[in-house]
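Here is what Swiss-Prot records for this protein:
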ACT_SITE  Y139  active site, proton donor/acceptor
ACT_SITE  K167  active site, schiff-base intermediate with substrate
BINDING   T50, V209  pyruvate binding site
SITE      T49  site 'Part of a proton relay during catalysis'
SITE      Y112  site 'Part of a proton relay during catalysis'
Amino acid sequence: MSETTYFGRVITAMVTPFTVEGQVNYALVEKLADYLVTHGSDGIVVCGTTGESPTLSWQEEYELFSIVKKAVNGRGKVIAGTGSNSTSEAIEATQQAAKLGLDGSLQVVPYYNKPPQEGLYEHFLTIAKACPDLPVMLYNIPGRTGQNMTPETIIKLAAVDNIVAVKEASGNLEQTCKIYCHTPENFAIYSGDDFLTLPLMTCGAVGVVSVASHLVGEEIQGMIQALLTGDAAKAIEINLKLFPLFKGLFCATNPIPIKAALNLVGWEVGGLRLPLCSLSPELEEGLAKIMQELALI
C-alpha cells in the first residue's frame, strides 16, 4: 500500500441495527451505511466492537459484510471485523471477507488467552500471509483484551506488506509517538477514541475509527481538515465543542450509549444482545441533554 490514508481519515465503527425480535435489521443496515458515507465518513468498520461482533454469528457477519459493501458502492472503504482469539478462525473469516470484495480487515489483539508478544506477532503475521491481497488494520485495545500490544511488536508487524495500519485505543500518547517514529511512512495510525483524535494526530495519527461519527461525522471531518490545513485554533474549537458528546458516548460500555443516541435521533437501531443491556434512564437523560445542547435532538 503506497497511500498512508488508504482507509481515509474518518472511519465509522458502525453499529449493528436489530429488530424488536433481536434479529439483524439488514434493511436498516443498508440505509445507515449509505447515510454514513454521505455524512463525513471515508469508510466503515462492519462487525467491530461497536457492531457487537461477539454476539453475531459468522453467517450474520458475512451477510453484513456483503450488504455494507453493496450499500457503500465504492464511495468509501469497507473494513471487516474478522479478528478472533483463534488464529485459524480469524483466517477463515478474513478469507471470506476477501472473497466478498471488502477493502480491508480489522484484527483485534487476541483476548482471554493472553498470548505473549511473540504469540501476537505470529498470530497477525499468519493472518496477513493467509490473505496477502487484503490490507490489515491491527487493533490494540488493552481495556478489552487484557493486554497491550507493545510498540515493538507493532513496529515489527508494520514491516509486513499488507499490514498497513493500527487502530490505537491504548490511550497512550507516548506509545503512539514511538510507533510513528519507527514505522514506514505509509503505515497509518488511527485513534481508537474520539476524544483523543486531535492529540493523537499531533503525534502522527492520520485520523480516527470513530463512534461519534454516526452523529457528527461531518464535524469530525471538519476538525481533521482544519488541523491538516494549519488552522489549529479551528480544530481545537470543534474538538472542545464535541468533547462532551465524545465522553457522553462512553458513559457506559460501547455500544450501549451510541445505540441509545441513535434511537433518540430516530434511527430505531433497536436494542442490544445480551450480555449487553440498555442504557439506564439516568444515563440516557444525561446523554440526551448533551445531544440537545448540540442541537442533535
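The backbone N, Cα and C atoms fix where each Cβ goes, and this holds for glycine too.
Per Cα geometry, K167 is the residue among the recorded positions T49, Y112, K167, V209 nearest to the residue listed as 'active site, proton donor/acceptor'. In sequence order, L106, M137, L138, Y139, N140, I141, Y190, S191, G192, V209 are the residues of the chain that are 6 or more apart from the residue listed as 'active site, schiff-base intermediate with substrate' and have a CB within less than 8 Å of its CB.
Minimal Cβ crowding within 10 Å, among the recorded positions Y112, Y139, is found at Y112. Taking the Cβ of T50 (pyruvate binding site) as reference, residues of its chain lying under 8 Å away and at least six apart in sequence are, in sequence order, A13, M14, V15, V211, N254, P255, I258.
If you measure from the Cα atom of T49 (site 'Part of a proton relay during catalysis') to that of Y112 (site 'Part of a proton relay during catalysis'), you get 15 Å. When the recorded positions T49, V209 are scored by other C-beta atoms within 10 Å, V209 scores highest.
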